[in-house]
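Q: I have a structure I would like to understand better, so I am pasting it below and will then ask my questions one at a time.
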Amino acid sequence: MIVDCVLEARAALGEGPLWHPGEQALYWIDIKAPALHRLDPASGREKHWPLPEAIGSFCFREAGGLVLALRSGLAFLDPESGGITPVARPDEPPGNRFNDGKCDRAGRFFAGTMDDAETACSGALYRLDPDRSLHRIRSDVYISNGLGWSTDDRVMYFTDSPRQVIWAYDYDIVTGRTANERVFARIAEDAGYPDGLCVDAEDHVWSAHWDGARLTRWRPDGSIERVVPMPVPRPTSCCFGGPDLATLYVTSARTGLDERALAAAPLAGGVFALEPGVRGQPTAFFAG
């Protein structure tokens with residue numbers, strides 16, 4: 001399978017790719033050099049919005065603009081003016097920040113937190129409802145990561161990277177509540193750490209492996225369907241995009257790689273694309 005670098009971004013910590021169907025554009029973030037980025041794959045034009053603090057994830061709003069999961073809390077961004085409006089701030093330890101996040105099809109935004117020093121198990125998973133109320137739904141998380149839902153909205157996936165586990169939950173799309181936590185997939189120690197994920201139209205889970213130089217496609221029963229080698233050691237997340245949602249986009253990171261590793265993987269921090277032969281699910285927007 002051919003993996004193309006569509007943007008030599010040299011991102012410190014590229015993350016959270018999302019496809020905007022109306023704009024036919026790919027958005028993504030750099031956590032360590034805080035900015036929101038936009039790539040038009042058809043023209044190759046790239047735009048970015050510098051941010052005043054670390055960003056862990058984002059989503060699009062049905063009303064226009066975006067929701068940002070910043071270090072200090074959740075906020076709305078007006079991309080035209082660059083204005084940022086605080087929305088919700090969880091009660092978190094001083095060293096914590098938001099990390100990965102994603103919307104369900106009912107328009108709720110889920111985003112998790114983590115200890116930025118990556119030492120304490122002090123993270124949590126939150127749900128921002130369309131009425132802008134914030135709810136903590138899981139505690140005792142090391143590094144909140146990859147989120148996604150099955151096509152029938154009955155299963156939610158959530159990743160805790162250092163535990164090398166992707167969890168599955170029974171999910172109620174009407175209430176936004178989770179139940180019956182269980183291990184969906186456990187990643188082998190020599191395969192790196194599970195990072196961001198997405199779920200395709202065939203209900204298979206794609207997970208990027210930090211320090212694993214690969215993507216894994218998991219069947220709904222948790223068995224491995226395929227492994228896709230990546231030309232960089234730290235792929236971070238993935239999403240489907242393109243006019244027919246047939247292109248899988250992958251972000252990556254340079255942070256923490258020494259000179260030897262960077263020499264061996266000069267495209268580290270780039271944005272990649274591949275055609276895996278399956279399609280993705282449409283991007284969900286925040287309803288508030």
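Placement of Cβ uses the backbone N, Cα and C atoms for every residue, glycine included.
TrEMBL: automatically predicted annotations, no manual curation.
Grabbed the feature section from TrEMBL, which reads as follows:
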DOMAIN    13-254  domain 'SMP-30/Gluconolactonase/LRE-like region'
BINDING   GLU15, ASN145, ASP195  divalent metal cation binding site
BINDING   ARG97, ASN99  substrate binding site
ACT_SITE  ASP195  active site, proton donor/acceptor
Q: For the domain 'SMP-30/Gluconolactonase/LRE-like region' (13-254), would you mind checking the mean pLDDT of the predicted model?
A: 98
Q: Within 8 Å of the centroid of the Cβ atoms of GLU15, ASN145, ASP195, which other residues of that chain place their own Cβ, given that this set defines the recorded divalent metal cation site?
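A: Those within range, site residues removed, are GLY16, ASN99, ASP100, ILE143, GLY146, THR159, SER161, GLY196, ALA208, TRP210, THR236, SER237.
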Q: How many Å lie between the Cα of ASP195 (divalent metal cation binding site) and the Cα of ASN99 (substrate binding site)?
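A: Taking the Cα atoms only, ASP195 (divalent metal cation binding site) lies 11 Å from ASN99 (substrate binding site).
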Q: Test of understanding: give the count of other CB atoms lying within 10 angstroms of the CB of ASN99 (substrate binding site).
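A: Summing over all protein chains shown, ASN99 (substrate binding site) has 28 other Cβ atoms within 10 Å.
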Q: Looking only at GLU15, ARG97, ASN145, the binding-site residues on record, which one has the least crowded Cβ, with the fewest other Cβ atoms within 10 Å?
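A: Counting other Cβ atoms within 10 Å of each of the binding-site residues GLU15, ARG97, ASN145 gives the minimum at ARG97.
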Q: Cα distance, GLU15 (divalent metal cation binding site) to ARG97 (substrate binding site), nearest Å?
A: 15
Q: Cα distance, ASN145 (divalent metal cation binding site) to ASN99 (substrate binding site), nearest Å?
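A: So the Cα of ASN145 (divalent metal cation binding site) lies 7 Å away from that of ASN99 (substrate binding site).
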